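Below is one structure, written out as structure tokens; the observations come after it.
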Amino acid sequence: MCLLRHLLPIWVLLGFFFFSTATKSQESSVVYVSGASPEIPISQASPRMGAQSPGPPIVKVVLRQDLNKKILIALIVSSSLLCVTVMFLVYLLLWRYRNMKNSFTGIKRKSDSVKSVTTKPTVHKIDSVRKGTIPVYEYQLLESATNKFSDSNVLSRGGRGCLYRACLDEKSSVTVKKLDGGGETDIEKQFETEVDWLAKIRHQNIVSLLGFCVYRQTSCIVYELMQNGSLESQLHGPSQGSGLTWQLRMKIAVDIARGLEYLHEHCHPPVVHRDLKSSSILLDSDFNAKISDFGFATVLTTQNKNLIHKASEDLLDGKVTDKNDVYSFGVILLELLLGKKSVEKPSSEPESIVTWAVPKLSDRANLPNILDPAIKGTMDLKHLYQVAAVAVLCVQPEPSYRPLITDVLHSLIPLLPVELGGSLRIL
């Protein structure tokens with residue numbers, strides 16, 4: 001009985017109680033329909049009452065046995081239904097508990113043996129990951145989409161990793177950046193920073209983040225498809241810049257300047273990229289340029305002395321300003337003009353393009369002779385002189401002498417045809 005008290009609801013027990021008591025009760029009740037009430041003595045009856053009731057009282061006896069049987073049947077049926085329902089619910093709960101336990105055990109064994117997608121501690125530090133706003137791609141999907149990261153799907157190499165074309169299905173292709181040096185603390189920090197920044201920034205000249213993947217010691221970032229790879233691969237790869245006309249180069253320069261202007265002027269607080277170079281500029285099928293590689297990006301108020309390269313003041317005192325990005329833009333502009341790498345290594349002593357080019361750019365008569373052979377004689381010389389002057393200003397050793405990126409943009413837009421996003425009208 002104690003066990004039943006714990007298992008069955010109180011109304012079921014009450015049903016059994018009424019059933020046991022009802023069987024013992026078979027008493028009847030007498031209902032007086034007419035005549036003098038037996039509870040009133042005859043001596044106290046009025047003459048009128050006697051006149052109306054000359055004969056003996058008529059009594060109708062109604063037994064409660066039939067009523068008790070109906071109540072008893074109802075209680076038995078309801079109690080039985082409740083018992084069956086409770087037993088079914090208990091069984092269902094036990095069944096679900098066992099299935100959940102077995103499922104959890106199976107998942108745990110599978111993750112221990114296969115070790116599929118790992119969730120490194122650094123991933124959970126990313127604000128956008130915690131908020132669930134960034135899709136997470138399975139490594140097996142990206143591996144299959146790139147044909148196991150085959151060389152045939154390489155868009156460009158360099159920078160912080162290798163870019164691959166990934167075909168997710170017949171209608172969807174993306175760019176996958178597979179980071180080098182997986183597992184190293186600085187690489188993980190760069191990965192974390194880039195994913196977090198790209199999740200917050202939206203601009204036509206900043207690459208769009210589609211998701212990421214972390215698998216064991218490998219980290220991948222998924223971008224929108226950039227069919228033409230990086231600017232570095234276009235300028236210094238097998239084609240040696242032959243596919244980039246003067247107008248396309250000016251378009252790329254304007255696109256980069258627009259992206260930087262958004263970071264410096266329209267982000268609050270302003271953002272400094274700090275790692276701008278030709279390998280971090282990606283090109284889509286129409287050669288629209290978009291900035292990537294935000295692994296070192298920071299807000300303008302933050303000072304960090306762990307700089308890789310860039311302007312001289314960065315290396316000396318670690319100060320970070322928007323003029324750092326202007327210097328880097330000037331280096332890219334020199335690469336577009338001259339077709340040379342930012343740092344050439346013809347001998348044991350590497351030579352910076354700034355050191356080599358700035359003295360030569362001041363000689364207008366000789367300037368056309370040092371241009372990239374792929375664009376010689378294809379531009380208006382006035383436009384060439386203006387671009388060269390902008391580049392020299394951007395790479396000035398003193399940061400205060402460098403222009404704002406907005407001023408740079410306004411200087412270049414008039415040199416670009418309207419159909420390419422500029423204001424130049426060619427008759």
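The backbone N, Cα and C atoms fix where each Cβ goes, and this holds for glycine too.
Database features (Swiss-Prot):
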| type | residues | note |
| --- | --- | --- |
| ACT_SITE | D275 | active site, proton acceptor |
| DOMAIN | 149-413 | domain 'Protein kinase' |
| MOD_RES | Y223 | phosphotyrosine |
| MOD_RES | S279 | phosphoserine |
| SIGNAL | 1-22 | signal peptide |
| TOPO_DOM | 23-70 | topological domain 'Extracellular' |
| TOPO_DOM | 92-427 | topological domain 'Cytoplasmic' |
Would you mind giving the whole-number mean pLDDT across the domain 'Protein kinase' (149-413)?
89
Count the other Cβ atoms sitting within 10 Å of the Cβ of the residue listed as 'active site, proton acceptor', across every protein chain shown.
25
Reduce the DSSP letter at Y223 (phosphotyrosine) to three states and note it down.
strand
By a simple count, how many Cβ atoms lie within 10 Å of the Cβ of S279 (phosphoserine), its own Cβ left out?
23
